[in-house]
Amino acid sequence: QDLPGNDYSTATLCLGHHAVPNGTLVKTITDDQIEVTNATELVQSSSTGKICNNPHRILDGRDCTLIDALLGDPHCDVFQDETWDLFVERSNAFSNCYPYDVPDYASLRSLVASSGTLEFITEGFTWTGVTQNGGSNACKRGPNSGFFSRLNWLTKSGSTYPVLNVTMPNNDNFDKLYIWGVHHPSTNQEQTNLYVQASGGVTVSTRRSQQTIIPNIGSRPWVRGQSGRISIYWTVVKPGDVLVINSNGNLIAPRGYFKMRTGKSSIMRSDAPIDTCISECITPNGSIPNDKPFQNVNKITYGACPKYVKQNTLKLATGMRNVPEKQTRGLFGAIAGFIENGWEGMIDGWYGFRHQNSEGTGQAADLKSTQAAIDQINGKLNRVIEKTNEKFHQIEKEFSEVEGRIQDLEKYVEDTKIDLWSYNADVLVALENQHTIDLTDSEMNKLFERTRRQLRENAEDMGNGCFKIYHKCDNVCIESIRNGTYDHDVYRDEALNNRFQIKGVELKSGYKDWILWISFAISCFLLCVVLLGFIMWACQRGNIRCNICI
């Protein structure tokens, strides 16, 4: 089409931004679904299916629970003096010694797990007047009867069981964990056969605490040929404190102490295999990468892990608003500005220029505005990770049956925390996405304003992101506009002259329409005047008569 001014004496310059055929939908504060050119998934929703043994030291419990390894169950002797960052308990773990219970099982398990060691120091307890090293067929060590290796079962010597009173000071500079127990015979006959007295008792004291346990004699369900039970207790002795043990029967005595350590070791129930690999974050499902700020694999974690949320997906915008390129783009064919649509195929930048002049058409990216936008977006993912990643482990919570209400409260608190973090994650990502879209739009507007200030009166804003340049602007001229060296004074006279000529032609073309409309209006007015005059003349002559009735 041969339009006025669309010749070699003018040029068209359009500004635009990158676009893709199929963008990604993200959520912002103002819009639940807005399309962007690129986005990054923030929720880790799958695990590797295996537990990595690096950088954390993983100890596979195999068929032993941590408490069985602590007590010295014969089939758990391989764990003596072991250390770990994470002790992995398996679902097929079992006890293979005298049946026992731990009244405060969860606390003992947690205490030992966090210590990260089963280092045991034997001490010289003196038990006078009793028989030591009792055993049971329920706890065989090889072909012989045995017992827990870390405990000493004391029974009568001959026909006597004297009152025992033993003290053991802690002269070291660390806490000591003593494990001891009380035997509950199944019958009164068994009680007197083992301990002489019809009713024994055990008292274990320190300066800070005291525990007195009276045996509960009675038959219980048979386990490994035994209807009696042993209750396991524990006492922590601080540096400078003293352990005091008093008993007149039924005592399962300690052989020494476990050296307590402070740290961030833990325990986890999992059947995932352990493999040689590297991962900072471990869940019961297996290790997961920690390069995302959120995960919905498992609530239980160990290591530096993403925060657990309920959402399956949260996408962080890492590109600009996507406006796919239209197939038809107006009078200039391939030339259209950012207000109409984006440009597909821009591989060297996010923002750029397209031009049409006497030498043809061309395209080039604007690296300055592109880099400015990228610099602001690049740090977003790392900042979100820093705000949300756990630098500690979320341990399993266990409570005994009598602590059911505490367990319910704990579950409510944990669920509330997850709800809050899920909501916070949603808002945080929406805010970041809103900021990304706003800043990328802002860079586009900055580039447009910078170009407009350069061209001044030498060009006219066409309203679609393009400028009509009213002077001859070859490729060198176009390049000067792009790199900011354009001198509008050089082209000012030519641009003004061409602008007046083009506007003049447009003005003359417009006058024809005005003249036609004015002529038509005057003709209609004159016709009405003549017709009205004829009617009045006829009325005066009597040729026309008008009757007006009310």
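Glycine too: its Cβ is placed from the backbone N, Cα and C atoms.
Taken from Swiss-Prot as is:
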{"type": "DISULFID", "residues": "Cys52-Cys277", "note": "disulfide bond"}
{"type": "DISULFID", "residues": "Cys64-Cys76", "note": "disulfide bond"}
{"type": "DISULFID", "residues": "Cys97-Cys139", "note": "disulfide bond"}
{"type": "DISULFID", "residues": "Cys281-Cys305", "note": "disulfide bond"}
{"type": "DISULFID", "residues": "Cys473-Cys477", "note": "disulfide bond"}
{"type": "CARBOHYD", "residues": "Asn22", "note": "N-linked glycosylation site"}
{"type": "CARBOHYD", "residues": "Asn38", "note": "N-linked glycosylation site"}
{"type": "CARBOHYD", "residues": "Asn165", "note": "N-linked glycosylation site"}
{"type": "CARBOHYD", "residues": "Asn285", "note": "N-linked glycosylation site"}
{"type": "CARBOHYD", "residues": "Asn483", "note": "N-linked glycosylation site"}
{"type": "LIPID", "residues": "Cys539", "note": "S-palmitoyl cysteine"}
{"type": "LIPID", "residues": "Cys546", "note": "S-palmitoyl cysteine"}
{"type": "LIPID", "residues": "Cys549", "note": "S-palmitoyl cysteine"}
{"type": "TOPO_DOM", "residues": "1-514", "note": "topological domain 'Extracellular'"}
{"type": "TOPO_DOM", "residues": "536-550", "note": "topological domain 'Cytoplasmic'"}
{"type": "TRANSMEM", "residues": "515-535", "note": "transmembrane segment"}
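On the structure: features taken from Swiss-Prot.
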{"residue": "Cys52", "record": "disulfide bond", "Cβ neighbours (10 Å)": "21"}
{"residue": "Cys76", "record": "disulfide bond", "Cβ neighbours (10 Å)": "27"}
{"residue": "Cys97", "record": "disulfide bond", "Cβ neighbours (10 Å)": "26"}
{"residue": "Cys139", "record": "disulfide bond", "Cβ neighbours (10 Å)": "23"}
{"residue": "Asn285", "record": "N-linked glycosylation site", "Cβ neighbours (10 Å)": "18"}
{"residue": "Cys473", "record": "disulfide bond", "Cβ neighbours (10 Å)": "28"}
{"residue": "Cys477", "record": "disulfide bond", "Cβ neighbours (10 Å)": "19"}
{"residue": "Asn483", "record": "N-linked glycosylation site", "Cβ neighbours (10 Å)": "11"}
{"residue": "Cys539", "record": "S-palmitoyl cysteine", "Cβ neighbours (10 Å)": "12"}
{"residue": "Cys549", "record": "S-palmitoyl cysteine", "Cβ neighbours (10 Å)": "3"}
In the three-state scheme derived from DSSP, which category covers Asn483 (N-linked glycosylation site)?
helix
State which of the following glycosylation sites has the fewest other Cβ atoms within 10 Å around its Cβ: Asn22, Asn38, Asn165.
Asn22
Return one of helix, strand or coil for Cys539 (S-palmitoyl cysteine), based on DSSP.
helix
Look at each of the disulfide-bonded residues, Cys64, Cys277, Cys281, Cys305, and point out the one with the fewest other Cβ atoms around it within 10 Å.
Cys277
Compare the C-alpha of Cys281 (disulfide bond) with the C-alpha of each of the recorded positions Asn38, Cys64, Cys97, Cys539, and give the closest one.
Cys64
Express the distance between the Cα positions of Cys76 (disulfide bond) and Cys97 (disulfide bond) as a whole number of Å.
10
Of the recorded positions Asn22, Cys64, Cys97, Asn285, Cys473, the one whose Cα sits nearest to the Cα of Cys52 (disulfide bond) is Asn285
Tell me the Cα distance separating Asn22 (N-linked glycosylation site) from Asn38 (N-linked glycosylation site), rounded to the nearest angstrom.
10
Which one is it: of the recorded positions Cys64, Cys97, Cys139, Cys549, whose Cα lies the shortest distance from the Cα of Asn285 (N-linked glycosylation site)?
Cys64
Nearest to Cys97 (disulfide bond) by Cα, among Asn22, Asn165, Cys277, Cys305, Asn483 (recorded positions)?
Asn165
Name the one residue among Asn22, Cys64, Asn165, Cys305 whose Cα is closest in three-dimensional space to that of Cys473 (disulfide bond); these are the recorded positions.
Asn22
Would you mind pulling the DSSP three-state label for Cys477 (disulfide bond)?
helix
Asn165 (N-linked glycosylation site), DSSP three-state class -> strand
Inter-residue C-alpha distance, Cys64 (disulfide bond) and Asn22 (N-linked glycosylation site) (nearest angstrom):
54
